[in-house]
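Below is one structure; the comments refer to it alone.
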Amino acid sequence: MADIKNFLYAWCGKKKLTPNYEIRAAGNKNRQKFMCEVRIDGFNYIGMGNSTNKKDAQTNSARDFVNYLVRVGEMRSDEVPSLGAELGDSIDGASLKSEGFSGPTGGPLPPHLSLQAESSGAAPMRSNTGFNPPAYGGGAQWERGANLKDYYAKREEQEAQATLESEEVDLNAGLHGNWTLENAKARLNQFFQKEKTQGEYKYSQVGPDHNRSFIAEMTLYVKQLGRKIIAREHGSNKKLAAQSCALSIVRQLYHLSVIEPYSGLTKKKEGESVEPYQVNLNPDIVKQLQSTIQELGIELPYPPEDPSQPVSLNLGKLVHFEPSQKQSHSGVVPWSPPQENWNPWTSSNIDEGPLAFATQEQISLELKNEHMYHIQDPNIKQVLIDRESLPVKKFEEEIMHAVHNSPVVIIRGATGCGKTTQVPQYILDEYIRNDRAAQCNIVVTQPRRISAVSVAERVAFERGEEIGKSCGYSVRFESVLPRPHASMLFCTVGVLLRKLESGIRGISHVIVDEIHERDINTDFLLVVLRDVIQAFPEIRVILMSATIDTSMFCEYFFNCPIIEVFGRTFPVQEYYLEDCIQMTQFIPPPRDKKKKDKDEEGGDDEETNCNLVCGDDYGPETRRSMSQLSEKETPLELIEALLKYIETLNVPGAVLVFLPGWNLIYAMQKHLEMNPHFGSHSYCILPLHSQIPRDEQRKVFDPVPDGIIKVILSTNIAETSITINDVVYVIDSCKQKVKLFTSHNNMTNYATVWASKTNLEQRKGRAGRVRPGFCFHLCSKARFDKLETHLTPEIFRTPLHEVALSIKLLRLGGIGHFLSKAIEPPPLDAVIEAEHTLRELDALDSNDELTPLGRILAKLPIEPRLGKMMIIGCIFYVGDALCTISAATCFPEPFISEGRRLGYVHRNFAGNRFSDHVALLSVFQAWDDARMGGEDAETRFCEHKRLNMATLRMTWEAKVQLKDILVNAGFPEECLMNQVFNNTGPDNNLDVVISLLAFGVYPNVCYHKEKRKILTTEGRNALIHKSSVNCPFSNQDLKYPSPFFVFSEKIRTRAISAKGMTMVSPLQLLLFASKKVMSDGEFIHLDDWIKLSMAHEESACITALRAALEALVVEVTKEPEILSQLDPVNEKMLNMIRVISKPSTAGISLVMGNSRFGDGPRPPKMARFDSGFQGNRGRGYHGGYNSGGGFRGAGNRGFRGSRGGSGPRGGYQGGGFRGNYRGGNQGGGFRGGYQSQGGYQSQGGGGYGGNFQGRGGFRGGF
């Protein structure tokens, strides 16, 4: 094979082409590999190869490209030196047996009566396999997509028009021609009059009455463009929703050059004004500042001569990334069929062992012999009999015929029909029987981790194998990969998207399950696959969905065939709220008359309560009880009554209870456990949530002994993703939690909303697996009739920054162009905002290609601004803390609190920093210490401090993953070592963490007025969220040391509240949390609403420090290793930022005058000198990466331990020298790595164990 490179070169020479090879280092520091990509002009394919040396990597990439040229008919396989056989064509269908199964039942008899009248019948079957093969090479256009050429032609002109002003309801109006909520609707009406057309708003609503959101949607045909544009926006009332929808339409018309920019004066609603804040800097600090700026060679803006003509202090970018070559065409993710010497699951060539040299024929023969021997096992024969009883078995021949003849097939199957576990096995077994095993590798995506793992384990069981043979899984934090040939990988969509960077190489079939869920990752994957199918028609894509309308998917994929699989095993009878009340004779407990905070409720605009509507068929007691129940709340007592009623039926079977979120699951679990009836041994109550550990999740599948009732309390995770076989009863709250994000005001609305009719149908389908089932919907029939058919797809209600980065990382062309091909494209204004944000962060260069910074951000599974915050944290050697804070944003708070406000036990974790983020950091560090004493010590600590252990463990996993990605990107391990922070005394490292946090959460800045009241951007009113450590217990009027705070999210319920708050100094805002800084000579104006009374030159120097730091970020992301030896000028600049970050520099003392909420004494410090030579705890003096730990001083870098030498060396994973800054001196003790402990081994989780191979290597992805 050594001459394959020369062969390709000679072939290119004849065509006057040149192959271009690009080699880069890959892998981690323990096992260096090289990746080579080869491109040839005129071919939309990238040949890829990797190996432990550059020469073999080049050879492997050349061979991959030659294989591609053979597949597309550019050369013959017999011309190629030692090239393996190509894919064959035939798949023989298998004959199938048909069996009957039960059908639906009649009217709503109560279960105790319907049990006496059980019956079963046959359900009809039908299929639709008509398929019109498209012209796959023709790049078929999806008509919903936008034509963006006019927009991109105008890019530079729009950039010039963009303003940096920050408004409360329109933070980014300047980006969109200055069209705002106030002026857009009038302009849209003018457009309608001129065009003699009319757009109609279609309204829908989500959420219960007390927290309702309205959605306004409009589809408008634009004659000038010859196409439709769509907007879908939400607001707290119809008027606001319609205004937001009109704004989206007008902004899209502007970007498509149909209407002009707004030329009038933008009216700003006057918010409440913020008093100027006096800042006096120490003269010594002023001298240091001036000296630093002088050494950096930065020229400062002169003071204004006229206060009415303020000058900008923003210096812009001092250093730019060099623009990379603009991508000339829309890329397609490369695909190749399974080949010899290639492992698709690790995306690497097989350099060692027999598989490195075996041909496909040899591999196929060996696997067939093994398979034929295996199926003779009596246990396997019994499993085969069970598999044949599944409804999908009757459709095997039809499915295989469609898969063979069509690149795309949709399989629509009822819950529990067996499609998820059986279809991949049908395909694989067909290939094995036909001597083509080595030509088959199947990837199956699932929307959630639990489903990917549980389905993989089920399939492995059915095949009589250990997981990791023909079947494996890969989810975030954990992978068990299957063999390289004739195998199935079950993974989350996020994991597959991460793998796409290496292409879909060596995979014959992609199965996307649960396409109806419409999460943003699945929608993204469908666009990728649609393009891949057109470029490579040989690939096979199977889309699987529940029994919902799939016509949109069918149309999107070129009118592909749909196979409908019927057969819910047993019928399910459903009941509504009035039925449940009548059959249980339920009487609600007296309403809690405790008055709610008026500011929390924000008014009493109650809508119709459907619980007041009850049919005449029901008795007066039922109607009275129903009217006393509020639709706002989930009736836990009624669920309890239903469980007791179910017990009287004496029909064995598990009960699955659907609840909208973890808080209610926890509340319901505690409610039942406190009741002696349910707390006894006759009940087994199990929570099921995506955030609990997998070992806990697995328990829901385990059978229980006779006489015990299993009750599973679950979110919608159990709706479609997993099947629990013994469920007979479903109790459905009919609600779910969704996150609605509005970009123009940076507002997040976490709403518990009514689920859709489709959701309810899926939930009902979870019952009736082992016998006729029962479903109790806790909504009235009147409410059911009002439910939406489907919920809004996630792509319409989430920021697009992360998706945009993925598009650029995968080289798929322009962000807007790619997203316009989505099954339901997001509005153009949302796309432009994502692009603008990424350019502002320096993630995209002037050609809209990824910068080195953008490439790192694209690989971090975190919001891009937080990713950049972590990178700056590495520059200051506080990377670990910022990785912890970023990881914590992915999960709920770890605090368990029955009341709305946090208790003292939780508030104490914030020390005197007035910070939810510091509290999180302190909790995490205290837990990290406690768990070193073993699982019992960890459990005791969490129970004593009322913390959710599962959340803390997941945060640890996420933090380690983020740190691994940064280390793989080249950042020194020393800048990511654990540190101990002092939250009650001076700690300059903690000051820096808070400064960088202000950068990470910008533009979320607020000013404390009184009690719970705060002002956000432009002086708009909001409240401190009740879950904050800063939320007062009563009406006492607190004065914080600084009135300025930054916060993680703005939440809208009936009032707007700020969640995740941290107190900052005005200098930290000036340095990191302001976009527009203006000086009028007397005051410094931050983002047009905060006024600081400070000298012009001092503020200009501080603003210049940020520009200098941004310039350093450019250099560091090009070559992260330079952090080990920074030049003195940058060292001085970083030390100056450390000084500015100190609260005392701004004249702020962290000790409050009055006793803070009566917190009592702070908890005792955990001992720090407990780590040396502790073999029993699995830590000690050895470091995780053989890297020196050292410690860092408060002001200066300090010194680091010898790299790789002897003596006490800290570990990157485990902590290094965990010094504790107190008044300028280092205290504390050594804290070693986790090498021998290996993470959570005693909990069955494994760990990274000091290097990336500790648990199967770094698995890079979601």
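For all residues, glycine too, the Cβ spot is worked out from N, Cα and C.
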When Swiss-Prot is consulted, the range among 588-597, 1238-1247 described as motif 'Nuclear localization signal (NLS1)' turns out to be 588-597
Among 53-65, 118-130, 1158-1170, Swiss-Prot marks as motif 'Nuclear localization signal (NLS2)' the stretch 1158-1170
Of 101-104, 237-240, 377-380, 513-516, the range Swiss-Prot tags as motif 'DEIH box' is 513-516
Among 25-29, 80-84, 185-189, 925-929, Swiss-Prot marks as region 'siRNA-binding' the stretch 185-189
Residues in the region 'HA2' (833-921) per DSSP class, helix first, strand next, coil last, are 51 helix, 4 strand, 34 coil
Over the region 'Core helicase' (400-811) the mean pLDDT stands at 87
CA pair G413 (ATP binding site) / E514 (Mn(2+) binding site), Å rounded to integer, equals 10
Sequence-ordered list of residues in the chain of T420 (Mn(2+) binding site) that lie 6 or more positions away and have a Cβ within less than 8 Å of its Cβ, or none, is V444, Q446, V455, D513, M544
Residues outside the region 'siRNA-binding' (5-9) whose C-beta sits under 8 Å from one of its C-beta atoms, at least 6 past its ends, are 19, 38, 58-59, 62, 65-66, 80-81
Once DSSP output is merged into helix, strand and coil, G413 (ATP binding site) belongs to strand
Reduced to three DSSP states, the region 'OB-fold' (960-1076) has 37 helix, 32 strand, 48 coil
E514 (Mn(2+) binding site) to T415 (ATP binding site), Cα to Cα, whole Å, comes out at 11
Apart from the site residues G413, A414, T415, G416, C417, G418, K419, T420, T421, the 8 Å Cβ neighbourhood of the ATP centroid comprises L390, P391, V392, Q422, V565, T723
When counting C-beta pairs under 8 angstroms to the region 'Core helicase' (400-811), the leading stretch of 334-382, 833-921, 960-1076 is 334-382
Cβ density check for G413 (ATP binding site), other Cβ within 10 Å (all protein chains) comes to 24
